[in-house]
Amino acid sequence: MPVKVIEGLPAIDDLRADNIFVMNDERAKNQNIRPLNLLVVNLMPRKLITERQILRLLSNTPLQINVEFLYMTSHDFKNTKQGHLDSFYKSFSEIKSQYYDGLIVTGAPVEQLNFEEVDYWSELLKIIDWSKSHVYSSLHICWGAQAALYARYGVTKENLPQKLCGIYKSSVEQPKNPLFRGFDDFFNYPQSRYTQSNPSEIKKVPDLEVLSSSKETGFSILAKKNLREIYLFGHLEYDRETLAWEYERDKEEGLKPNLPQNYFPENDDKNKPKSTWASAASLFFSNWLNYAVYQGTPYLGERLSQHLNEENYDFNQKEQK
């Protein structure tokens with residue numbers, strides 16, 4: 001799948017070097033299929049790296065995707081130059097009248113704070129509420145998933161005994177769900193978090209299904225039955241080196257982190273980590289784009305605002321595109 005982004009985005013060169021199809025404006029104008037319009041709320045501190053990770057996963061199907069990035073104006077980002085945000089990101093006030101086929105809300109390293117203590121919490125609440133009427137399918141990652149569950153259903157989060165960090169084998173609980181078409185019974189899934197959404201409170205939300213779980217991680221992927229809301233408690237988007245970087249960062253900050261589980265060969269952090277989840281990540285995001293987004297939205301983009309009220313789309317009946 002080609003992704004179309006603003007020309008000059010630093011991630012473009014890295015993506016092309018990795019054989020990822022990135023499309024410029026001129027070529028995009030000659031496409032005959034309707035592109036999907038996706039919004040990425042990037043809450044991660046290393047924004048350029050997260051951009052590349054997300055775009056890589058969006059690029060692997062035959063569809064064209066127009067990707068826009070959103071940042072929180074109520075937060076001072078120390079690791080990203082304002083010029084980069086001005087050039088390649090939009091604020092909520094700039095996009096709130098628009099409609100999107102899909103939304104991705106990333107994680108953020110703020111999970112040890114209460115939700116209301118996060119300085120951009122009010123702004124994020126507005127975006128989550130806005131998405132109900134302006135986005136067809138929303139995918140939330142790690143803290144972004146915990147935040148959305150709290151905002152929408154009042155599901156609180158709780159501290160884990162220690163940081164859950166490493167690569168864990170997760171079981172596919174709903175193999176017939178479209179998001180898991182083509183999956184094996186288990187897949188490797190990066191985790192990096194101190195908290196979890198309260199499992200007993202999740203069970204009380206009748207519209208949510210547990211799609212994946214493991215003994216070590218608990219619930220790992222949830223979704224509404226109509227796939228309009230999807231919650232990933234781990235980081236399928238992570239690169240091979242991301243957990244290693246976080247481990248070194250935590251050591252430098254004096255946090256005395258445990259070694260990420262099932263990650264470094266022979267449990268030696270001097271060894272290069274093995275990538276064991278990339279194919280599952282690519283397949284999951286492709287399934288999301290195809291079955292939850294593309295198959296559910298109308299061919300004519302201007303009809304999306306009317307279509308958003310349809311809550312019971314049958315994924316066995318494809319719309320004509």
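Glycine too: its Cβ is placed from the backbone N, Cα and C atoms.
Taken from Swiss-Prot, the feature active site, acyl-thioester intermediate covers CYS142, and the record attributes it to sequence analysis. What Swiss-Prot records for HIS235 is active site, proton acceptor. Taken from Swiss-Prot, the feature active site covers GLU237, and the record attributes it to sequence analysis. Positions annotated as substrate binding site by Swiss-Prot, on the basis of sequence analysis: LYS163, SER192, ARG249. Per Swiss-Prot, the feature site 'Important for acyl-CoA specificity' maps to GLU111. Taken from Swiss-Prot, the feature site 'Important for substrate specificity' applies to SER192.
Sequence features, as recorded in Swiss-Prot, placed on the structure.
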residue	record	DSSP (3 states)
GLU111	site 'Important for acyl-CoA specificity'	coil
CYS142	active site, acyl-thioester intermediate	coil
LYS163	substrate binding site	strand
SER192	substrate binding site	strand
HIS235	active site, proton acceptor	coil
ARG249	substrate binding site	helix
Inter-residue C-alpha distance, HIS235 (active site, proton acceptor) and LYS163 (substrate binding site) (nearest angstrom):
14
Take the mean position of the Cβ atoms of LYS163, SER192, ARG249, the recorded substrate site. Which other residues of that chain put their Cβ within 8 Å of it?
CYS165, ARG193, LEU243, GLU246, TYR247, ASP250, PRO257, PRO260
For SER192 (substrate binding site), the number of other Cβ atoms found within 10 Å of its own Cβ:
21
Taking the residues LYS163, SER192, ARG249, which the record names as binding substrate, find the longest CA to CA distance and state it in Å to the nearest whole number.
14
Which same-chain residues, if any, lie at least 6 apart from GLU111 (site 'Important for acyl-CoA specificity') yet have Cβ under 8 Å of it:
CYS142, TRP143, GLN146, LYS157, ARG193, TYR194, THR195
Would you mind ranking the recorded positions LYS163, HIS235, ARG249 by how many other Cβ atoms sit within 10 Å of each Cβ and giving me the lowest?
ARG249
Separation of alpha carbons, the residue listed as 'active site' and LYS163 (substrate binding site) (Å):
19
What are the sequence-distant neighbours of GLU237 (active site), meaning same chain, six or more residues apart, C-beta distance under 8 angstroms?
THR50, GLN53, ILE54, LEU57, THR106, ILE141, ALA281
